[in-house]
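Dumping what TrEMBL says about this protein:
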type     : residues           : note
BINDING  : 268, 273, 291, 352 : Mn(2+) 2 binding site
BINDING  : 273, 350, 352      : Mn(2+) 1 binding site
ACT_SITE : 280                : active site
DOMAIN   : 348-355            : domain 'Cytosol aminopeptidase'
ACT_SITE : 354                : active site
Ligand code: BES
Ligand code: MN
Ligand code: ZN
């Protein structure tokens, strides 16, 4: 169960908890106090900072230093979490606060209730600050236990109750409602990504997406294999043909009242990517359980937009297939005909994402949306170019830059990438309209985007977010990001849609 989150404006000495969280900055010669820590410092007789320095605290991100309150407040433990060095203005970014709140939640396993003073780090908390504290605290408390057999009832579980101290609890209500909705959406993405591929095959992903969509009041459409044949979805069918568990295409629509924009979302839903006949090496193949992270993200986003009641129409179009080698698998050398009639020569069955996305983008464009936002674990080249935490964003210039700007607010690192004209030649085919995989590896992330661009009608603003690295954390947890599914880029998709409605 995810923790509850509430706000209080009572004084700290009247707010009992199992632990209280304060932020500390990184100074040139030791930890720096923050405005929020004053109340704790007073209860501890002005000795908080010297105690922290004695314990070796530096104020670094992801550093949590615990000390006993020695009975000086209605909480046994004080947890001081690092915010890193202050910005030039002397304050800390919302993202620094979000990460600190997440690190604190991870470090406070076994403490049922937590009171956090992080909202006060930048002085009076505005909505953005509260979003950061709340999201960080809830996302950091995430755990995936569905496949743990003997979980002891008394194990050190993540905090169950988070209370944010604010000057005005009434004013904090609305921001925390949004926090709750966002955290639930991120948890849904993480759960779907973390569910193993033997249990999450295309029909099951479609069923879980449909279930979430119905619960959010969306209209739901699932195309099975017969429907895909009838609809001319040659790409989804080709990629799905190697598995006995056939492909699907899910469509979820939210029609908000007084809709000001029509948004198409598309997400890659490869429930497992072995590479197919162009099979991947065994080493890291198990990471390809995460190859449906884009699908999970757009499913969660359309549900989230509905829950928040935004004045917008959003349709998620989600192609789902399992990419396996077999006697019925699609082959290198096959020519595939897509929904819009274009044809691709398959040169590598491991470039399967673009093959299913081609159909989905073509279908999504038939609704004449105002913008199209697509996200996928498309290329290993994304990791080579930008590392594991920064997504690459391509597409039409203005929407691409709008997504990157939104990502600055959401705290999901993204960077704009070009579509150099000369790279388009990399997918020229001698026999078809194009090949699906470039022969050389140069600019692989950009060539993938060039392929997708072939399916976007002229004049439709679009963005492609390559999340191969950022959607799945194969390293240690950090900030509010656990191992496994991360939930990227749900918060940026939401922020982009919100910006489209206001900007
Ligand atoms: N799902 C992979 C991309 C990927 C790699 C995601 C590593 C996450 C981590 C994708 O389907 C793929 O295999 N892409 C190929 C494309 C190539 C054959 C043109 C790649 O990146 O090697
Ligand atoms: Mn692949
Ligand atoms: Zn893939």
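The backbone N, Cα and C atoms fix where each Cβ goes, and this holds for glycine too.
In TrEMBL, annotation is done automatically, which means it is predicted and not curated.
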Cβ-Cβ under 8 Å from residue 350 (Mn(2+) 1 binding site), same chain, 6 or more residues apart: which ones?
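Long-range Cβ contacts: 273, 275, 276, 278, 279, 280, 323, 437.
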Quick check on the recorded positions: of 268, 280, 354, whose CB has the lowest count of neighbouring CB atoms inside 10 Å?
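Comparing Cβ neighbours within 10 Å for the recorded positions 268, 280, 354, 280 has the fewest.
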How many Å lie between the Cα of residue 354 (active site) and the Cα of residue 268 (Mn(2+) 2 binding site)?
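Pair distance, Cα basis, whole Å: 8 Å.
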Which recorded positions out of 268, 273, 280, 291, 350, 354 lie by ligand 1, going by a Cβ under 6 Å?
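So the answer is 273, 291, 350.
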What number of additional C-beta atoms lies within 10 angstroms of the C-beta atom of residue 273 (Mn(2+) 2 binding site)?
26
Take the domain 'Cytosol aminopeptidase' (348-355) and count its residues per DSSP category (helix H/G/I, strand E/B, coil), listing them in that order.
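Going through the domain 'Cytosol aminopeptidase' (348-355) residue by residue, I get 3 helix, 0 strand, 5 coil.
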Tell me the Cβ neighbour count for residue 352 (Mn(2+) 2 binding site), meaning other Cβ atoms within 10 Å of its Cβ, over all protein chains shown.
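Its Cβ has 30 other Cβ atoms within 10 Å.
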Compute the centroid of the Cβ atoms of 268, 273, 291, 352, then list the same-chain residues not in that set whose Cβ lies within 8 Å of it, in sequence order, for the Mn(2+) 2 site.
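Along the chain, the qualifying residues are 239, 269, 270, 288, 292, 321, 323, 353, 356, 376, 377.
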Can you go through the recorded positions 268, 273, 280, 291, 350, 354 and pick out those with a C-beta less than 6 angstroms from ligand 3?
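Correct list: 273, 291.
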Enter the number of other CB atoms within 10 angstroms of the CB of residue 291 (Mn(2+) 2 binding site).
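Step by step: centre on the Cβ of residue 291 (Mn(2+) 2 binding site), count other Cβ atoms within 10 Å, giving 28.
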Should we count any of the recorded positions 268, 280, 291, 354 as near ligand 2, judged by a CB under 6 A from one of its atoms, and which?
none
Mean pLDDT, the domain 'Cytosol aminopeptidase' (348-355)?
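The average pLDDT of the model in the domain 'Cytosol aminopeptidase' (348-355) works out to 98.
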Enumerate the residues of the same chain, 273, 350, 352 excluded, that satisfy the criterion Cβ within 8 A of the mean position of the Cβ atoms of the recorded Mn(2+) 1 site; list them in sequence order.
239, 270, 274, 275, 276, 278, 280, 288, 291, 323, 349, 351, 353
Need the DSSP three-state call for residue 273 (Mn(2+) 2 binding site) to compare against my parser.
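Where residue 273 (Mn(2+) 2 binding site) sits, the three-state DSSP reduction gives strand.
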